[in-house]
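Chemist: I have a structure here, written as structure tokens, and I will follow up with some questions on it.
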Amino acid sequence: MASTRDQAAQVRLANPHLQDDRHDVLYHIGLDSRKHDFKAMFGDTKVVCMGGSSNRMKRLAEDLVAELGIRLPTGQGLVNVIPNTDRYVMYKAGPIVCVNHGMGIPSISILLHELAKLMSLAGATGVTFIRLGTCGGLGLEPGTVCISSRSLNSQLQSHLSQFILGQPVQREAVFDSDLARELLQLASGLNIEAVSAATLCTSDFYEEQGRTDGAICEFSMEQRNEFLQRAFEAGVRNIEMESLALAAITHRLGIRAACMAVTLLDRFKQDQVQLDHSLIAQFEGRMLRILAAFIRSRNICG
């Protein structure tokens, strides 16, 4: 398993075509190295928090400011620092960046490429990427926080498969084991129910996850249950749609990363999320508490 990286290390890209002094357009996040001073804007970044929803990331940034007592410049509030795009939003509070990644592997992979390039060009050191999301659990009560040890694809294999120049490429999808262990210990100290286990990452919410409530379903309940049981026996305790890219890309680049997702249902029992929004917000708050404890433990905000 991956282990803790050097906290003074800069993000090193795995692309010999890129020069350190290059001009770079990060198209999807609306940043241009000739128009924006990356070092001034992002050079102090220590934690990049990400989640699917733009509104959720704004709330997360606001909650972190309040929870950690982060002082914003006089007369300034939290603003979206990438207003030139409507694909993603990004908020920065001191050394913490909060950005949404949309839904699914394609959306988060585009963001991860551009975030890694941004952190590299900014000269940021010791950066940690942490995804916070929601998920379906396997054999877990709703509200349990799942901290991914590794991510499995829909064939229950721990790698991301891509076709690059028409050829199949597989990249190992594991998370930083020390970081996962640290987050689990922090959760325990906060009396938050949490587990560290494998995460099943699919490219679809309905059929690939064995749901029987989509517009198309061509398998039986028996087949559904057998698949979920096989996943459980492979060590899977939750299911979502982004961790495979997060694990594979950060592992390839040597970036410390973690994935936390709170369960909204037990997939052995049901397919549809039936919780009200206030309870979902309460469950999501558990991840905020773990994240805030992690940031405090590293004295990231001083």
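Keep in mind that glycine also has a Cβ here, set from the backbone N, Cα and C atoms.
No curator has checked TrEMBL annotations; they are predicted automatically.
Summarising the annotation, TrEMBL assigns phosphate binding site to R87, R131, L132, G133, T134. If you look up TrEMBL, you'll see Q209, R211 marked as substrate binding site. The domain 'Nucleoside phosphorylase' annotation in TrEMBL covers 46-295.
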Chemist: Far apart in sequence but close in space: which same-chain residues, 6 or more away, have a Cβ under 8 Å from L132 (phosphate binding site)?
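Modeler: Expected: C49, M50, G51, L60, M260, A261, E284, M287, L288, L291.
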Chemist: Could you give the Cα-Cα distance between Q209 (substrate binding site) and T134 (phosphate binding site), in whole Å?
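Modeler: Cα to Cα, Q209 (substrate binding site) and T134 (phosphate binding site) are separated by 14 Å.
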Chemist: In whole Å, how far does the CA atom of R87 (phosphate binding site) lie from that of R211 (substrate binding site)?
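Modeler: Per the Cα atoms, R87 (phosphate binding site) and R211 (substrate binding site) stand 28 Å apart.
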Chemist: Among R87, R131, L132, G133, T134, recorded phosphate binders, what is the largest CA to CA distance in Å?
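Modeler: Output for phosphate binders R87, R131, L132, G133, T134: max Cα distance 20 Å.
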Chemist: What whole-number Å value do you get for the CA-CA distance of T134 (phosphate binding site) and R211 (substrate binding site)?
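Modeler: With the alpha carbons as reference points, the distance is 16 Å.
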Chemist: What is the separation, in Å, between the Cα atoms of R211 (substrate binding site) and G133 (phosphate binding site)?
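Modeler: Counting only the Cα atoms, the answer is 19 Å.
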